[in-house]
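S.K.: Handing you this structure, nothing more for now.
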């Protein structure tokens, strides 16, 4: 929000309206000065000076590129100025015997027209047809004309960029996950005692797991470490590793294990499971038939 003359001269609407307003104000002040002060309405002097202050304020806001931040304030101030200028016109227009008053009335009429234009512009939405038409003549692209509010085209462009970044992030995540799964299965085929340093995460398409972050991956446990001995080469076989499962859980939903993941187990809704190691998104679980594997934590609920 630094001072720059280019903020003002780059906007034809600002230059044209303020130039028009300055000419109308000069006509008004000249007519007021040439009028018979005994008959001239004294309150009109206040209205004329108030109009000058408004124009100075608008000029400063354009120079500092902060016009958008005060548009609602300007609408209120301009509404007052519109009342002043129209009221002065009503008192001056019928004083046909005084040319000075008629000149001042002409200036007040012009100021009333200007105030009405400003009210419609500053009070209008940036996406309205009138505002977009006026802003299209600006030499600067979205500099001060509602520059703080993105247009519909900008929103669409931003959305496309976000989608592209999200797609790249998703593709990268999928590639990393596939690489980790391949390494994990390679180690499982060679030895059951070899620890895998890369944390194992899978089935990220499940409901409730879309928003996990990289910190969650680093904090998740190694499901293939020596202390658990939970490597399963056949999901259809019944296994019992002898581990102690300290908790009971109830399945909230039915879940079908990923056929490409040998560690996952399937279960039905309301099925009772024995679970352990419940500090991550995937829990070690045991079914009633003795099958042991991992289950997504958001599909089950711990029982008291």
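Residue numbers in this text run from 1 along the chain shown.
Just so it is clear, glycine is given a Cβ too, placed from its N, Cα and C backbone atoms.
A quick note: this is a predicted structure, and the numbers were derived from the prediction, not measured.
So Swiss-Prot has the following annotated:
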TOPO_DOM  1-12  topological domain 'Cytoplasmic'
TRANSMEM  13-33  transmembrane segment
TOPO_DOM  34-42  topological domain 'Extracellular'
TRANSMEM  43-63  transmembrane segment
TRANSMEM  66-86  transmembrane segment
TOPO_DOM  87-101  topological domain 'Extracellular'
TRANSMEM  102-122  transmembrane segment
TOPO_DOM  123-304  topological domain 'Cytoplasmic'
DOMAIN    244-304  domain 'SH3'
S.K.: I'd like to know the mean pLDDT over the topological domain 'Extracellular' (34-42).
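M.R.: Taking every residue of the topological domain 'Extracellular' (34-42) together, the mean pLDDT is 86.
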S.K.: Where else in the chain does the transmembrane segment (13-33) make close Cβ contacts, counting only residues six or more beyond its ends and a cut-off under 8 Å?
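M.R.: Apart from its flanks, the transmembrane segment (13-33) reaches 40, 44-45, 48, 51-52, 55, 58-59, 62, 100-108, 110-111, 114, 117-118, 121, 134-135, 137-138, 145.
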S.K.: Counting only residues 6+ away from its ends, which parts of the chain sit with a Cβ under 8 Å from the topological domain 'Extracellular' (87-101)?
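M.R.: Sequence-remote neighbours of the topological domain 'Extracellular' (87-101) are 31-36, 39-41, 43-44, 47-48, 108-109, 112.
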S.K.: Would you kindly list the residues that approach the topological domain 'Extracellular' (34-42) from elsewhere in its chain, counting only those six or more residues past its ends and only Cβ-Cβ distances under 8 Å?
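M.R.: Tertiary neighbours of the topological domain 'Extracellular' (34-42) are 88, 91-92, 95, 98-101, 103-104.
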